[in-house]
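Taken from TrEMBL, the feature active site, proton acceptor covers His211. Marked as NAD(+) binding site by TrEMBL: Gly35, Ala36, Ala37, Gly38, Gln39, Ile40, Gly41, Asp66, Asn129, Val153, Ala154, Asn155. If you look up TrEMBL, you'll see Arg116, Arg122, Asn155, Arg186 marked as substrate binding site. Feature annotation from TrEMBL assigns domain 'Lactate/malate dehydrogenase N-terminal' to 29-176. For 180-348, the entry in TrEMBL reads domain 'Lactate/malate dehydrogenase C-terminal'.
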Amino acid sequence: MASLFFFQRIIRCVVNLLMSCKDAEKQPIKVLITGAAGQIGYALVPMIARGVMLGPDQPVILHMLDIPPAAEALSGVKMELIDAAFPLLKGVVATTNVVEACTGVNIAVMVGGFPRKEGMERKDVMSKNVSIYKEQASALEKHAAANCKVLVVANPANTNALILKEFAPSIPAKNVTCLTRLDHNRALGQISERLNMQVSDVKNVIIWGNHSSTQYPDVNHATVTTQAGEKSVRELIANDTWLNGEFITIVQQRGAAIIKARKLSSALSAASAACDHICDWVLGTPKGTWVSMGVYSDGSYGIPAGLIYSFPVTCEKGEWSIVQGLKIDEFSRAKMDATANELIEEKSLAYSCLS
Ligand SMILES: NC(=O)c1ccc[n+]([C@@H]2O[C@H](COP(=O)([O-])OP(=O)(O)OC[C@H]3O[C@@H](n4cnc5c(N)ncnc54)[C@H](O)[C@@H]3O)[C@@H](O)[C@H]2O)c1
Ligand SMILES: O=C(O)C[C@H](O)C(=O)O
């Protein structure tokens, strides 16, 4: 009996040793979160520290940036991170200094900015936020790690990302993306609710274009795994009127519906989508599955080059590629062009705000 106990202890020690060697193999990844004292930041940082973004065996160091009026709240978030004793969390920098925040970061999640409030014009948010993104572009360009991957969450997300890309010319265009994964996940959620099926069985919806009410949620290539095999969403739902009407409007207006219900914009779902976006980008999309990401257009599907536009992408070895060759019908073409036109207008508005 005593020897069995001794043997078990030895096995446990060997397992612990192997686990700690495995842990020691991975260098911590430095993740910047701007606007970290805000509501998305508060939901996002524990997810990253728990391994939701980069995997359960990937140590992380969090760099949290906010502005001076939020410094005390930011220090409170740091205290809570320490109190949560996350095993993967190897360090926390909480600062209002943009250079300190950007130094050496491998991933930058840009959440900082002003959310639109009641009575504010689109231009009011645009002018405030694009100047933040112009300034932070330079800091990232000068101080982030080479090959830093950037995800812009703050609205107007596509145009902020474009400004960041244009004012950080040495950061490769393929490294600057914006969040439309929340819209993608919302579309998956609506389909699974309608069919009363598991959301994990639905895949390959597409969000085309802008993270705004002109986005086009497209189910023409989406499928559901059923006991009888893979079926198309259109075939299973068998209601094109709903799919071409109400479904699109629900997804386009979901952010506004959440603001109406919570009196605050979405935060937990936005944080979760940001983790999904980076996780798939870094670790790869499952075979046969694509996701939606706002990326720098190369002219695919006739979308003007030089916009940050949401496309279906697959990811492998830390690189995204736009899914090519999907059939686009007339209905989709019109919606894809309308959201591209809005992005062209936003781009010129952004430049007029900066001049
Ligand atoms: N793309 C998406 O899917 C999506 C979804 C939800 C919200 N959003 C956007 O994300 C942004 C953040 O939303 P929130 O609810 O967390 O807002 P919030 O107001 O709670 O937090 C924003 C934080 O950014 C900080 N900030 C302001 N200027 C900054 C700067 N120059 N540098 C660093 N930090 C700065 C603020 O002090 C604040 O703490 C908003 O623009 C919102 O519209 C995008
Ligand atoms: O902040 C908003 O305007 C809404 C947000 O972008 C969302 O989609 O939930």
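Just so you know, glycine gets a Cβ as well, placed from its N, Cα and C.
In TrEMBL, annotation is done automatically, which means it is predicted and not curated.
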- Message: Sequence gap of 6 or more, Cβ distance under 8 Å: name the residues on the same chain that satisfy this around Ala37 (NAD(+) binding site), in order along the sequence.
- Response: Met64, Asp66, Ala70, Ala73, Leu74, Gly76, Val77
- Query: If you count the C-beta atoms lying within 10 Å of each candidate's C-beta, which of the binding-site residues Gln39, Asn129, Asn155 ends up with the smallest number?
  - Reply: Gln39
- If you draw a 10 Å sphere on the Cβ of Gly41 (NAD(+) binding site), how many other Cβ atoms land inside? 25
- Note on the structure: binding-site residues Gly35, Gln39, Gly41, Ala154, Asn155, Arg186: those with Cβ under 6 Å from an atom of ligand 2 are Asn155
- Message: Return only the integer: C-alpha distance in Å from Ala154 (NAD(+) binding site) to His211 (active site, proton acceptor).
- Response: 10
- Note on the structure: Neighbours of Asn129 (NAD(+) binding site) among recorded positions Asn155, Arg186, His211 (C-alpha cutoff 10 angstroms), in sequence order, are Asn155
- Task: Tell me which recorded positions (Gly35, Ala37, Ala154, Asn155, Arg186, His211) have a Cβ under 6 A from ligand 1; sequence order is fine.
- Result: Gly35, Ala37, Ala154, Asn155, His211
